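Undergrad: Below are the features I grabbed from Swiss-Prot:
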COMPBIAS  231-243  compositional bias 'Pro residues'
CROSSLNK  202  ubiquitin cross-link
CROSSLNK  214  ubiquitin cross-link
MOD_RES   2  N-acetylalanine
MOD_RES   6  phosphoserine
MOD_RES   35  phosphoserine
MOD_RES   42  phosphothreonine
MOD_RES   64  asymmetric dimethylarginine
MOD_RES   65  asymmetric dimethylarginine
MOD_RES   67  asymmetric dimethylarginine
MOD_RES   70  phosphothreonine
MOD_RES   104  phosphoserine
MOD_RES   209  phosphoserine
MOD_RES   220  phosphothreonine
MOD_RES   221  phosphothreonine
MOD_RES   224  phosphoserine
MOD_RES   242  phosphothreonine
């Protein structure tokens, strides 16, 4: 008999499961462009979709790595045999994914690239991908012993209101360098997309759409219109006289 739990406890349990799963996959797949996870629960099994920029690395040779990850997830979270399935899905637009760009900046800094140059490169790539705006903040011991923060901004960025929840994608990462730990924060404002592929379907509250006027058909010959009053009944056909 299945154990009955309250709705409140169910939501908390689902949230903890997703947070732990996300933390585990972030640690395991950081070098493969891991960008998030989706969990779909069906009556027969649980489907876990891993979003990444390099899906081939996630799958591994002949699907070996994805099978290993499936076994680890199954054992860690106590799923019955064959009831959990892992899939790898490629991120549609890498430039509009804050997690992917934060990881990209992290590896640039680990490679020894100058902070300003690395941040401007990420900023330019995000804006070229069609973002409405972006903000990159790097803080820590950038130069010298005193910690400071550098902010790089381009385009439009909203900071308050409900649209922030679905228009702004945020990611935070940390990178350990010789001089200490640097913090990386990337915020991307997504564009409005009526199809919902690269951005939210819902437009911003202050969005004004101008409706194009219909083309007016100009009359080529004189015509007369009867406005108001009752239309005249059609004339009755006259009888044809017979000889």
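Here the Cβ of each residue, glycine as well, is placed from N, Cα and C on the backbone.
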Undergrad: Pop the Cα-Cα gap between residue 214 (ubiquitin cross-link) and residue 224 (phosphoserine) into the table, whole Å please.
TA: 22
Undergrad: Given a 10 Å Cβ-Cβ cut-off, pick out the one of the recorded positions 64, 65, 67, 202, 214 that has the most other Cβ atoms nearby.
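TA: Per the Cβ count, the most surrounded site is 65.
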Undergrad: Could you tell me which three-state DSSP class residue 214 (ubiquitin cross-link) falls into?
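TA: Note: residue 214 (ubiquitin cross-link) is coil by DSSP, not helix or strand.
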Undergrad: When the Cα of residue 104 (phosphoserine) is compared with the Cα of each of the modified residues 6, 42, 220, 221, which one is closest?
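TA: That would be 42, the closest of 6, 42, 220, 221 to residue 104 (phosphoserine).
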Undergrad: Given the modified residues 64, 67, 70, state which is nearest to residue 6 (phosphoserine) when distance is taken between Cα atoms.
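TA: Smallest Cα separation from residue 6 (phosphoserine) among 64, 67, 70: 70.
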Undergrad: When you rank 202, 220, 242 by Cα distance to residue 65 (asymmetric dimethylarginine), which of the recorded positions ends up on top as the closest?
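TA: Closest by Cα: 202.
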Undergrad: As a test of the contact definition, list every same-chain residue at least 6 positions from residue 242 (phosphothreonine) whose Cβ is closer than 8 Å to its Cβ.
TA: none
Undergrad: Within 10 Å of each Cβ, count the other Cβ atoms, then let me know which of the modified residues 104, 209 comes out lowest.
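TA: Minimum Cβ neighbour count within 10 Å, taken over the modified residues 104, 209, occurs at 209.
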Undergrad: Residue 221 (phosphothreonine) to residue 214 (ubiquitin cross-link): how many Å between their Cα atoms?
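TA: Given the Cα positions, residue 221 (phosphothreonine) is 21 Å from residue 214 (ubiquitin cross-link).
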Undergrad: According to DSSP, does residue 104 (phosphoserine) fall in a helix, a strand, or coil?
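TA: The residue in question, residue 104 (phosphoserine), is helix (DSSP, three-state).
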Undergrad: Which whole-number value in Å describes the distance between the Cα atoms of residue 67 (asymmetric dimethylarginine) and residue 35 (phosphoserine)?
TA: 19
